[in-house]
Amino acid sequence: EWPETGRLALYLLGLRAACPPPEPGAERWLVTWLKYYLEQDWAGSRHHGHPLTSYYQYGLGVLALCVHGKRVREEVIRRLLAAEQHRRFGHAGGSAVDTEAVVALAFTCLERERLVGTALAAELRAARREVRKRMVEEQNQDGFFGNVYSTPWAMQVFISTNTCQSQLAYSRAMAALLENLDAFATAVPMAQVLPVLHGRSYLDIASMHCREEPDTLMPASPEPLPTVPGNVTVRLVVECPQPRCPQERLYDQPVPAPAGASLLDVLRAAAAQGPHNFTFGTQDTAQGPFLSRVLGVEAWHHKRSYWQLLTAPDTSLQMGVADYRPHDGETLILRLSKW
């Protein structure tokens, strides 16, 4: 069974931010599990050259433990530091900005909370400066750091180091975010963007005084999405490279669907129409449904493969299957890729 490092780390961050009634026993138990998962990831990194989950989850685990004031073994931190110094965070078809930002926040927290020695703190500080410098140099023309979803993570780095006021790059990113807030429609992306809109970072959770926090959490009833009249036709293509698949293009068919349908709805429509026998499977994650199987071909986590979502000819989608809404005549590609 694979470690749940990232999921448990996000839960512990949310738990601390929500100021729950004191239940030290329950919290200690969750922290112990996160330490165990992080040790598994560290052992995987030592054995395979990368964590069993990902450097993003590995960094989240270190960050969450730090926010809870818990020490992490120096070997675990140094494994993450070495990966940052050797630029190992990138993956096929995607941005490494979110991973770099999470790791930089973890380094900042470890230094601020004095959970590491003086020498290691200096190394973490230097690594964080390099990450921040790269973000400024590689900021996109549209103002984003990486993409719309990695940008809040990057902005938290500037906030946590008190450099947001002196960086034009931060102001450009904030303007771009404010123009694209409709992209944050699910819980996890919302949780990443809301602190930034209030000039906060996840590191502020560590210094919260819960007795002073009013109970303002109210259940919300989401409004149903408006229906759009008419239909669209989307060309759906499935690609699986050799040697995993002898026939690289496994599927190429037009799929009619209601206007305004999500990509997940398009996949369901493809599965319902014959005689092409399209099949797929998903897994529930904190970010929404994750496409795990297409035409019987599994994305294997232990072989670092995933089903990449693209719009033709070769543009990676920045939304998940439940969030992206295809346009009429668009060609969508499901491609088995490495990360």
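Note that Cβ sites are derived from N, Cα and C of the backbone, with glycine treated the same way.
Taken verbatim from TrEMBL:
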- Thr53, Ser54, Tyr55, Tyr56, Gln57, Asp98, Asn147, Gln192, Trp307, Gln308, Leu309, Leu317, Trp339: cyanocob(III)alamin binding site (BINDING)
- Cys66-Cys109: disulfide bond (DISULFID)
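Of the listed binding-site residues Thr53, Asn147, the Cβ environment within 10 Å is emptiest of other Cβ atoms at Asn147. Taking only the Cα positions, the spacing between Gln57 (cyanocob(III)alamin binding site) and Cys109 (disulfide bond) is 16 angstrom. Taking the Cβ of Cys66 (disulfide bond) as reference, residues of its chain lying under 8 Å away and at least six apart in sequence are, in sequence order, Val72, Ala106, Cys109, Leu110, Glu113, Leu115, Ala206. Within the set of recorded positions (Cys109, Leu309), the lowest number of other Cβ atoms found within 10 Å of a Cβ is recorded at Leu309. Residue environment of Trp307 (cyanocob(III)alamin binding site) contains 22 other Cβ atoms, counted within 10 Å of its Cβ in all protein chains.
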